[in-house]
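K.L.:
This structure is in structure tokens; I'll ask about it shortly.
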Amino acid sequence: MLKFIIPTIMLMPLTWLSKNNFIWVNTTIHSLLISFTSLLLLNQFNDNSLNYSLTFFSDSLSAPLLMLTMWLLPLTLMASQSHLTKEPLTRKKLYITMLITLQTLLIMTFTATELIMFYITFESTLIPTLIIITRWGNQPERLNAGLYFLFYTLMGSLPLLVALTYLQNTLGSLNFLLLQYWAQPLPISWSNTLMWLAYMMAFLVKMPLYGLHLWLPKAHVEAPIAGSMVLAAVLLKLGGYGMLRITSILSPMTEHMAHPFLVLSLWGMIMTSSICLRQTDLKSLIAYSSVSHMALVITAALIQTPWSYMGATALMIAHGLTSSMLFCLANSNYERTHSRTMILARGLQIFLPLMTTWWLLACLANLALPPTINLIGELLVITSTFSWSNLTIILMAMNILITALYSLYMLITTQRGKHSHHINNLTPSFTREHTLMALHIIPLLLLSLNPKIILGFLY
Amino acid sequence: ILSSQHPPNSLNTLIEILPHFAQAEWLAVRSRLKREYLLQYNDPSCHGVMEDPALTRWTYARSANIYPNFRPTPKSSSLLGALFGIGPVLFWYYVFKTDRDRKEKLIREGKLD
């Protein structure tokens, strides 16, 4: 594991000591090399875990998420090049340092064995993200966004610290590999109810669950492109990863406690999808679509069947790549028109036809077109919720319909139709932007050929 | 027309006070805006997007500046909130709870799966 962490930490001296016109090249290429390292070494299946040491392990659940995290750093660096050109050199290097710090902490979070270390790095990822949102966002609303983001997530996760400390005191160790075998079934009582809530609230706020999702549209919309990408693709999955891990030690109580949250996420799925149909702000639409997809993951994680766990992990990876790609596409529009309004840059197929290809692929992936992994995830979740209770099929079917509606609405508004007549001076697409989109969609399409590596530990 | 029901503010003062001059004023404003737009549209050295202040105000009012432009009425907030926010959650909670309890009972008695 040090073979990932030390090179990633060493990216920081690389940025500060590189020559001025080489910082972007150096950091992007080196982070790409580090991500290739993760690709080669982490493919594993079944229930085995690869134990690097007493402090780090990787599982077939954390390996795909780790690969996603490490793949995303070069992509975020590529995406940020354009909006940072006017900044002074020190601030550019600071921005890259924030991204690298975030990356290191995320690697440690996904591979932590000891749950307290997981908690510490889980919380520490908030700080670089907060700095990126509040310092480099574009509108004055970013301050409000940073506040909501920090305090929602912090308030949700403080009870988790208490619960983990209690578990350490009773069981003696919080080594996750041992916990799976030591944990006693939880009898139903009021204090155990509170403990269940303490464990789950942190991850439910992070996912986010429908009633606690207010921070997400603000944070995603106000963040700069790298912040949005990392938030949507990885930080939300921290919540999903935590939920999938922690439900294994909370076992029989979840069936009774999960009902309110299941209903909230099932209904919230439809509500947030419907809000997407009414959005005028492109980034806001993609943010609400993230909430909707993550509600599916919450549903799957709370049902606790093998198929639903496979669907949850597949959905997390698929949504990470798709949502990050959609944010990059929205950012390419924003850099040209300096506005997030959808109708301002419409009918772009005439002007930027190759970018239309990427828009098409991203929107089709978002609406879970076969044979992408989005579909595999959604299908597994839908069938497992159907076996949980037959009536969920009504809500799930409505959600699929509305997801298709807003994805196609987004595609048609930005690409098709008559173009707005004052955008006759759009700069053509850069090769960097095409590379960025290609590097998002190629893993997604390749995974459709071999989805078993992202199906998690119950495959 | 000045009255107690419409307190004067900068937006509607002109039109309210001078009804038969209002059209001329509004026409002047509109033609000024159109002239500025056409100047920018036909200018070959115009670099960048032509900004529409009305669109900026509209998007700002929709996203960030909601409270001054929105007045919660019992119909818009309480009825809609109950109908779409609280009602369905309670409804589906009871539906799923009863369905799930029925299934658990059947599983325990061995009649299903």
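Using N, Cα and C of the backbone, Cβ positions are placed for all residues, glycine too.
Pasting the feature list from TrEMBL:
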DOMAIN    A:1-109  domain 'NADH:ubiquinone oxidoreductase chain 4 N-terminal'
DOMAIN    A:112-403  domain 'NADH:quinone oxidoreductase/Mrp antiporter transmembrane'
TRANSMEM  A:21-42  transmembrane segment
TRANSMEM  A:54-73  transmembrane segment
TRANSMEM  A:94-110  transmembrane segment
TRANSMEM  A:116-133  transmembrane segment
TRANSMEM  A:145-167  transmembrane segment
TRANSMEM  A:187-205  transmembrane segment
TRANSMEM  A:225-244  transmembrane segment
TRANSMEM  A:256-277  transmembrane segment
TRANSMEM  A:284-303  transmembrane segment
TRANSMEM  A:309-329  transmembrane segment
TRANSMEM  A:350-369  transmembrane segment
TRANSMEM  A:436-458  transmembrane segment
K.L.:
Considering only Cβ pairs within less than 8 angstroms, which of the stretches A:116-133, A:145-167, A:350-369, A:436-458 has the most against the transmembrane segment (A:187-205)?
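P.N.:
Maximum Cβ contact count belongs to A:145-167.
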K.L.:
Per the definition of 3+ C-beta pairs under 8 A with sequence separation of 6 or more, do the transmembrane segment (A:284-303) and the transmembrane segment (A:436-458) touch?
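P.N.:
As far as Cβ distances go (cut-off 8 Å, pairs 6 or more apart), the transmembrane segment (A:284-303) and the transmembrane segment (A:436-458) do not touch.
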K.L.:
State the non-local partners of the transmembrane segment (A:309-329) in its own chain: residues 6+ outside its ends, Cβ under 8 Å from one of its Cβ atoms.
P.N.:
61, 64-65, 68, 72, 75, 79, 220, 225, 228-229, 232-234, 237, 240-241, 244, 283, 286, 289-290, 293-294, 296-297, 300-301, 355, 358-359, 361-363, 365-366, 372-374, 376-382, 384, 433, 436-437, 440-441, 443-444, 447, 451, 454-459
K.L.:
Restricting to the domain 'NADH:ubiquinone oxidoreductase chain 4 N-terminal' (A:1-109), report the mean pLDDT as a whole number.
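P.N.:
Overall, the domain 'NADH:ubiquinone oxidoreductase chain 4 N-terminal' (A:1-109) comes to a mean pLDDT of 90.
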K.L.:
Below 8 angstroms Cβ to Cβ, which residues of this chain, lying six or more residues outside the transmembrane segment (A:436-458), approach it?
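P.N.:
For the transmembrane segment (A:436-458), the sequence-distant neighbours (Cβ-Cβ under 8 Å, at least 6 residues beyond its ends) are 43, 45-47, 59-61, 63-64, 71, 74-75, 78-79, 244, 306, 309-310, 312-314, 317-318, 321-322, 324-325, 328-329, 355, 358, 361-362, 365, 371-373, 376.
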K.L.:
Short question: which residues 6 or more past the ends of the transmembrane segment (A:225-244) have a Cβ under 8 Å from it?
P.N.:
61-62, 65, 68-69, 72, 75-77, 79-80, 83, 95, 99, 102, 106, 109-110, 118, 122, 125, 129, 132-133, 136-137, 200, 202-208, 219, 283, 286-287, 290, 294, 297-298, 301-302, 309, 312-313, 316, 319-321, 323-324, 327-328, 331, 456
